[in-house]
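> Before I ask anything, here is the structure I am working with.
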Amino acid sequence: MDKELERYKQFLKDKGMKTTGQRLAIFEVLASEPNRHFTAEEIYEKVKQRWPEIGLATVYRNIQKLSEFGAIDKLNLGDGFVRYEIGDPDRDKARHHHHHLICLECGGVFTFEDDLLEQLEGRIRETMGFIVSDHEVKFYGRCSACSQSLAGK
């Protein structure tokens, strides 16, 4: 986590952002459970444990600013909430991030690291002259635990 935190601090510095305690606390919340995708309110509740005087508006402002600069990513997973995860400081080099697998039974969200769409992006560029800068893919279904549970009934 220390290496990640240093990388995050450097990312903020490179973007000309101040490294405040509140911003680091938001990062630490997101980094504490990398497979979980927190709502702003959930982030606020966790940050408040460390910074009891912090207000919800301050957390929202910091989340918005961090999102604008790509330090964290906004996600809409179809559950009516905007959720957040740590952004990829190397996104400009990598171009894409992971995809999400969303369980319709338990609501779990899992990440899948594979860029399956590079070939399609190449075809889009060739046929349409359209250069894809990013994409987002969500797969809906049942996770292995829910599938096993349902099979056992």
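Glycine too: its Cβ is placed from the backbone N, Cα and C atoms.
Since we're looking at a predicted model, the values are computed, not measured.
According to TrEMBL:
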type	residues	note
BINDING	H97, E118, H135	Fe cation binding site
BINDING	C103, C106, C143, C146	Zn(2+) binding site
> Validating a neighbour-count step here. Other CB atoms within 10 A of the CB of C146 (Zn(2+) binding site): how many?
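Excluding its own Cβ, C146 (Zn(2+) binding site) sees 16 Cβ atoms within 10 Å.
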> Please name the residue among the binding-site residues C106, E118, C143 whose C-beta has the most neighbouring C-beta atoms within 10 angstroms.
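Sorting the candidates by Cβ neighbours within 10 Å, the top entry is C143.
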> Rounded to a whole number, how many Å is the Cα of C146 (Zn(2+) binding site) away from the Cα of E118 (Fe cation binding site)?
31
> How long is the line from the C-alpha of E118 (Fe cation binding site) to the C-alpha of C103 (Zn(2+) binding site), rounded to the nearest angstrom?
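Spelling it out, the Cα of E118 (Fe cation binding site) and the Cα of C103 (Zn(2+) binding site) are 25 Å apart.
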> Taking the recorded Zn(2+) site as C103, C106, C143, C146, identify the other residues of that chain whose CB atom sits within 8 Å of the mean position of the site's CB atoms, giving them in sequence order.
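Leaving out the recorded residues gives L104, E105, G107, G108, R142, S144, A145, S147.
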> By CA distance, which of the binding-site residues (C103, C106, C143) lies nearest to H135 (Fe cation binding site)?
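Nearest by Cα distance to H135 (Fe cation binding site): C103.
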> Could you check the binding-site residues C103, H135 and say which one's CB has the fewest neighbouring CB atoms inside 10 Å?
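Ranked by other Cβ atoms within 10 Å, the binding-site residues C103, H135 bottom out at H135.
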